[in-house]
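Step one of this worksheet: look at the structure below.
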């Protein structure tokens, strides 16, 4: 596209843009005023009802699990019983306040953003989309938010508690604390919390005008010059919206700094306990402020470093808090990054972050990796159904009761393991999710949850590479991961696994158990359960139509009714996204 050059051209670009932007802003604001209160009421009332309604069960069950678990030592268990009432009593209050804020934000910004997205490139009939987008879809999205919160409170919470109540392995020890270390830890936290809150909040307030002015300057320059994130025509309407909403981003940054300062202060007490030193705790208290000051300087392109000292808060050789597994993950990730940086295997296409505003937003979200996993589960689920490794009873149990580890845990674990095997065979530095797309630590979604996954998966990939599996072993491994317990070596006796090497079998069992643990943690994310339930219903009906399984008439009618309801709820959202977004990555999972 042509970028305006010269003062007059830029001035004309700005003048022609303003009426267009004002009309979109007024239309979006009108839809927010009409739809926003309804969506906010749905989110607020629905989430509050779920949180308050399940709060007595959460309160009682938390105490029961804490008292019954063997994973917590006696001293820590006594302290937990004494101090648990405070967070448990605050839970409904914080839930209600959070539901109100989320409802207001969702009800206001979703219709507003949908109005601007409707004029993007590739959208047919922009005029009708400007008026219709963000209306019914916002209401349906609010209902989806309530459903996700319900899944988290009703399923994810009890899954956490069940894991806490599980029996410990022979090589595990209960978590406990030393009473002699607590006084200095509490004293450091008592000193560090108010000081860190005061200092970090002060730094944030002091630099907030600079953040506001620099942000406005950069956004205005990019808008007038059509550079940076506003280079493409589709992103121009968002320029004015970003300029208007930038003060809210600055206020949100100050509030986030204020809230995070409490955790910095509490972490100082933890450092004092870990290092058994009052001085080290105070050193971290000072270093936390210096680290925050240095981070804000880098963010705002100010002077390098910090004017505050950064004393050491770890004793020499105190790497005991970094486990061997963490070290392996760090070493593997660092080695992979170094090799990738040197430009090896340049023939492979890697998903680089886009330069446009909308594509940048999508790249920062983990939706592509999420879609890859569910698409892989869909394809492999069909294969396992045809081979009889998944039965109609497995799917019906998951649909009717929401349980069934074979479907919700073992199927995703096999999909990830198959990806690791492919990546190991091709000797890639990252994870090979298709023939020409490799996910590395450079293009991995910048999301904490997914960051915690990348390191372990790279370690497991290197372990799979050293095992050098044959094709017969891979086929047998598919059956073993779906049908066997994989808890101890005896579970693989008389299983038909081609290799008789006991060490190799034990390593594969350990890899499978770890993958199942990763998937179990992923399944507690609310959207995982909702999407996997839709996947199970689709597989169930498809298998019945193909004659692969003989399903229950009652379950079949329920599944058809649920699918019809979901299609009605998501039709508007799917049409909008399909017409305005063409940046999704179509990858082959098998």
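Quick reminder: no glycine exception, Cβ is built from N, Cα and C everywhere.
All TrEMBL annotations are machine predictions without curation.
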Between the ranges 186-208, 255-277, 278-300, 301-323, TrEMBL assigns transmembrane segment to 186-208
When TrEMBL is consulted, the range among 149-168, 209-228, 229-248 described as transmembrane segment turns out to be 229-248
As TrEMBL has it, transmembrane segment corresponds, among 17-41, 42-66, to residues 42-66
Sequence-distant residues near the transmembrane segment (78-109) by C-beta distance (under 8 Å, 6 or more away from its ends) are 32, 35-44, 46-48, 51-52, 55, 58-59, 62-63, 66-67, 72, 138, 141-142, 145, 149, 177
